[in-house]
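A short write-up of the structure that comes next.
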Amino acid sequence: MLRAPGCLLRTSVAPAAALAAALLSSLARCSLLEPRDPVASSLSPYFGTKTRYEDVNPVLLSGPEAPWRDPELLEGTCTPVQLVALIRHGTRYPTVKQIRKLRQLHGLLQARGSRDGGASSTGSRDLGAALADWPLWYADWMDGQLVEKGRQDMRQLALRLASLFPALFSRENYGRLRLITSSKHRCMDSSAAFLQGLWQHYHPGLPPPDVADMEFGPPTVNDKLMRFFDHCEKFLTEVEKNATALYHVEAFKTGPEMQNILKKVAATLQVPVNDLNADLIQVAFFTCSFDLAIKGVKSPWCDVFDIDDAKVLEYLNDLKQYWKRGYGYTINSRSSCTLFQDIFQHLDKAVEQKQRSQPISSPVILQFGHAETLLPLLSLMGYFKDKEPLTAYNYKKQMHRKFRSGLIVPYASNLIFVLYHCENAKTPKEQFRVQMLLNEKVLPLAYSQETVSFYEDLKNHYKDILQSCQTSEECELARANSTSDEL
């Protein structure tokens, strides 16, 4: 990967008087980030849901389009006959809410600079002054939209999957692809970029046409599947709109770990600690991640934090995901039953068609959603569950927790079900097997740690969800005259 000379700035060795000028000029010089940048890579594992996909799969840093085959993938007499993938959108801009918080923080730094001229007690320029001068290039119109890096995420994922499963992604099967997407533009644009990646696979060297001009046509929008949480009244009332549902998130913000960071950042930026809060600290940390993910530059915002700070801020993010999308409340995962059942309906149909020696009508189903789509589903299936809940008070005990959102659902994260037909099976049960991949790596079964399952056994394990979990009932609010167990 190319790197501009002097791209990596070390504020500790740069002449203090020239620090601000150096930081400003670096933006123009650093268009790509060295994969092993020591400062950026030291914080990268802790960005939570704002994590780059390649930081979860470091092999992609050197060859993002080269297929990587997990040695646990089945081969030989077992042939993949269907692939069902749930894919999070690619890298995106911050939301308008995050942009406005960053603008607020930037304004605090500029106001401080206008009072004291940006000089420290030694008369030199400090980090706060340099950040005040750092270009704030985020604008409200960006509001969570997919960036070019996000389109690249999708094109490259398409190329890798097509190379990994050539029979399923054959040119003959192109017209039988099924694409479903959330109505959010970042998901629709991700699906379009994925299709362009497939075009590149089929027609190397030729520029892809617009998706509307492809023989496949645009994907189907289905928010009841991809944004099931928006259609679950119980979730909306008891979690989304409940001021106390994220108690542990708010308690951690005022706890000792976050308060220590608050004081440290206030001292570093030379602003009154009362002018800062946990939300502003978090948006500063995320700005480091956005600059890295979107532009590939090492932002001076990264210099505000060290690894210990990053671990605390990651936990704050994980607390929110845990209580709002994971194991915190049962309805978080149960609201995804319809999506889980839909996946198995596709697999059932493929099994039935194969048993009848019919062609598989939908060999590849691609569904584009959000981190909020994937996390509840993985929780429903029993993945990444810790022995104790994540709370505001057990940060140190959870240092080695399983539930780390950045490792589970980075940008472009994907959960893939692969159905195999095995020719030399001794019994009908052994004919069909399933493997799951998370972020292109084989995901051991949550209940056995095996890397492959007979399809019938997998269905039996999840029988309760497949047969008894009815979203209409799960999401129905208790009637007003019924007994409530709320405190």
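Note that Cβ sites are derived from N, Cα and C of the backbone, with glycine treated the same way.
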In Swiss-Prot, which of the ranges 172-175, 220-223, 484-487 has the motif 'Prevents secretion from ER' annotation?
484-487
Around the Cβ of N242 (N-linked glycosylation site), how many other Cβ atoms lie within 10 Å? Please give the count over every shown protein chain.
14
In whole Å, how far does the CA atom of H89 (active site) lie from that of N242 (N-linked glycosylation site)?
27
